[in-house]
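What Swiss-Prot records for this protein:
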ACT_SITE  246  active site, proton acceptor
BINDING   144-163, 228-231, 318-320, 343-345, 360  NAD(+) binding site
BINDING   254, 257, 278, 281  Zn(2+) binding site
COMPBIAS  46-57  compositional bias 'Polar residues'
DOMAIN    119-374  domain 'Deacetylase sirtuin-type'
REGION    25-57  region 'Disordered'
REGION    411-468  region 'Disordered'
REGION    520-551  region 'Disordered'
């Protein structure tokens, strides 16, 4: 379960762009002031600025863009003009008529995107991945919610994840991410405590993926496990070389008097969905989880600084890499360090050398079977003491080629094609049939009517409608998981191997993977997906959401919604719908140039 955090400082005032000239630092400050309609005159600031002054996050490309932006600002350019000149390949036309506040958000997001990583073409296949695990001695593993899903802990951004559920279960939340926003928590901790029991430690058993990481450590291969999760399952597994990037429930702190206690002291309150109170001052107790708006701390940055020059393999397991600064780790190492992604989906903003897509535990199982020895023994030991799903493969899956997969798809379609009725020699009294296309569209329209006529189960109807709409829009798309049984995986491209559980489809025409994007109406937001919304392997330069904003499309959607929906003061005090920008501690664009200056420090 991943949360973003970064240090924020500064204040904003009212709705114009100013330059504040100082003798020091040499780079002048950029000051953008915001005022938002519908807030009863109350001002607030919001920014994507999350680049910490720690040197490991520096990038020549990012620094060059930031300096160019600052230079243009000094010359009197607006944020929109800076976007056009610094990022000419970015289509900014859809933002042109939006507010300066939106322009600043887009500019900040573009400036803080990590540089595009170039794939190493030496490493591509599943067997290449196994060889890397076998030979590398300083493996850095970055884990997200995907490693804990099989333990019964929900992830955040999948279609059935925490954020999707929060929208329906807590309609008063201005945005699902507000539950982990420190300012919202201070004002109203009840929603967090209503939910916290679902992820409170002590209720779950570590997964195969956790034990795999422990086995890497035991065999002397693990450099460090950076986890974005707060479930403490790494400690339960016995992993020593772990950094809990976003904290955990192991300790708690009173928000009033600062008294610290053991996390288990609030167990009863959490399980009873009660707000835990301090025994000394009766203040609200907050678990030592890094909420949005809180700093990760020096220890995290110290470890990354030490590890980035030692690592010889990076493995990302079950993470969307959407929250900084953790998402920047794969981009701070030497360009020749191979990288593997194990996830349900491909990530449009991350070019891994090898992509293994599907349920994390299923993929890890196959890797362990291939490695053999203590890794295969670990799987056998795990299966002996943990109840597994009957569908879980007990042996290494059969790897099939793309052509073999296409043959399976072709056979499936032949089996489903109805046998045509024999033609009658007598003239027909019926009217002429429509064209095949018209007939198909008519049948599809009837299917939509059938699926949308009943409102007994909205969730099922939505899911069924999604499937029908996908068939109408993309009849050439095939669900890979539907075509694979649990005993097979497919090398769908040179560098992508797909296992059961992958949340993607296969385009029979382009022979590429396509991310499953659920249909939504105009009042729903895109909080789903633990990764991408584009075709892996296509040009990924435009989709690079590394901050809490999943994409610039969210900015457009939120700006339109802002004009359509009146938000009361309480809702305005926290996160905007879909934006997922830092709103917790006051921060304004004045900090923008200061961060540039900080990053310039060698």
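Along the chain as shown, the residues are counted starting at 1.
Cβ coordinates come from backbone N, Cα and C, glycine included.
Shown on the structure are the features that Swiss-Prot records.
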residue : record              : Cβ contacts under 8 Å, 6 or more apart
152     : NAD(+) binding site : 203, 204
254     : Zn(2+) binding site : 260, 261, 278, 280, 281, 283, 284, 285, 286
257     : Zn(2+) binding site : 278, 280, 281, 283
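Neighbour density for residue 144 (NAD(+) binding site): within 10 A of its CB lie 31 other CB atoms from the protein chains shown.
The record gives 254, 257, 278, 281 for Zn(2+). Within 8 Å of the mean position of their Cβ atoms, the other Cβ atoms in that chain belong to 255, 256, 258, 259, 279, 280, 282, 283, 285. In this structure, the C-alpha atom of residue 228 (NAD(+) binding site) lies 6 angstrom from that of the residue listed as 'active site, proton acceptor'. Confidence over the domain 'Deacetylase sirtuin-type' (119-374), given as mean pLDDT on the 0 to 100 scale, stands at 90. If you draw a 10 Å sphere around the CB of residue 148 (NAD(+) binding site), it holds 27 other CB atoms from the protein chains shown.
For residue 246 (active site, proton acceptor), the nearest neighbour among the listed binding-site residues (144, 148, 318, 344), judged by C-alpha distance, is 144. Reduced to three states, the DSSP call for residue 281 (Zn(2+) binding site) is coil. Between the recorded positions 228, 246, 278, 318, the minimum number of other C-beta atoms within 10 Å of a residue's C-beta occurs at 278.
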